[in-house]
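Taken from Swiss-Prot, the feature domain 'EF-hand 1' applies to 15-50, supported by sequence analysis. For 51-86, the entry in Swiss-Prot reads domain 'EF-hand 2'. Under the heading Ca(2+) 1 binding site, Swiss-Prot lists ASP64, ASP66, SER68, GLU70, GLU75. Residues annotated as domain 'EF-hand 3' in Swiss-Prot, with sequence analysis given as evidence: 92-127. What Swiss-Prot lists as domain 'EF-hand 4' is 128-160. The Ca(2+) 2 binding site annotation in Swiss-Prot covers ASP141, ASP143, SER145, THR147, GLU152.
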Amino acid sequence: MGDVVADALEKLSADQIEQFRKYFNMFDKEGKGYIRATQVGQILRTMGQAFEERDLKQLIKEFDADGSGEIEFEEFAAMVANFVVNNENDEGLEEELREAFRLYDKEGNGYINVSDLRDILRALDDNVSEEELDEMIAEIDADGSGTVDFDEFMEMMSGE
């Protein structure tokens with residue numbers, strides 16, 4: 001088992017591994033111990049996991065290095081972990097950012113003004129210059145409204 005697979009499996013709980021095994025077995029009907037690489041997307045959809053087709057293709061390429069098209073359970077679990085663990089982390093990050101946003105959105109009107117944003121950015125990095133702050137704020141508040149809504153805030157904080 002490669003390092004990439006071992007590292008990914010370490011991040012999974014016993015419950016997650018058991019769940020992945022059930023889905024894997026649903027598609028490995030003959031008990032061969034592997035599934036076709038082309039089935040991974042179907043399984044992710046069955047699990048209700050969102051994914052980008054290009055990300056999936058890249059992972060399959062990474063885990064099916066010999067190009068055989070056969071994915072064993074450990075490889076499958078490691079691949080799926082990339083989607084499940086990342087999605088859970090994204091949800092946690094979004095909730096944390098939403099909470100931080102609410103702290104600065106004192107009136108509860110769905111936006112914060114750029115002076116509050118300046119305070120947030122300065123708190124995150126006290127070495128940032130006024131010029132750098134101006135540049136960051138201009139980029140974040142692209143429409144020049146003087147306010148930042150949650151989506152703009154989320155994009156800035158998560159880099160997405």
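Sequential numbering from 1, following the chain as shown.
Keep in mind that glycine also has a Cβ here, set from the backbone N, Cα and C atoms.
Feature annotations (Swiss-Prot) mapped to structure.
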residue	record	DSSP class
ASP64	Ca(2+) 1 binding site	coil
GLU70	Ca(2+) 1 binding site	strand
GLU75	Ca(2+) 1 binding site	helix
ASP141	Ca(2+) 2 binding site	coil
THR147	Ca(2+) 2 binding site	strand
GLU152	Ca(2+) 2 binding site	helix
Checklist entry - Taking the mean position of the Cβ atoms of ASP141, ASP143, SER145, THR147, GLU152 as the Ca(2+) 2 site, which residues outside that list, in the same chain, have a Cβ no more than 8 Å away, listed in sequence order? => result TYR111, VAL114, ILE140, ALA142, GLY144, GLY146, VAL148, ASP149
Checklist entry - If you measure from the Cα of GLU70 (Ca(2+) 1 binding site), which of the binding-site residues ASP141, ASP143, SER145, THR147, GLU152 is the nearest? => result GLU152
Checklist outcome for this item: For GLU75 (Ca(2+) 1 binding site), the nonlocal same-chain Cβ neighbours (under 8 Å, six or more residues apart) come out as VAL5, PHE63, ASP64
Item to check | Nearest-integer angstrom distance between the alpha carbons (Cα) of GLU152 (Ca(2+) 2 binding site) and ASP66 (Ca(2+) 1 binding site) | outcome: 42
Item to check | Tertiary contacts of the domain 'EF-hand 2' (51-86), as residues 6+ beyond its ends and Cβ separation under 8 Å | outcome: 1, 4-5, 7-9, 11-12, 16-17, 20-21, 23-24, 28, 33-41, 43-44
Item to check | Rounded to the nearest Å - Cα separation of ASP66 (Ca(2+) 1 binding site) and ASP141 (Ca(2+) 2 binding site) | outcome: 47
Checklist outcome for this item: Within 10 A of the CB of ASP66 (Ca(2+) 1 binding site), the number of other CB atoms across every chain shown is 6
Next on the checklist: Cβ neighbours within 10 Å, counted over all protein chains: which one of the binding-site residues SER145, THR147 has the most?
Outcome noted: THR147
Checklist outcome for this item: Spacing of the two Cα atoms, SER68 (Ca(2+) 1 binding site) and ASP141 (Ca(2+) 2 binding site), in whole angstrom, works out to 49
Checklist outcome for this item: Neighbour count check, CB within 10 A, over binding-site residues ASP64, ASP143; minimum at ASP143
Checklist outcome for this item: By the 10 Å Cβ-neighbour count, the most surrounded of the binding-site residues GLU70, ASP141 is ASP141
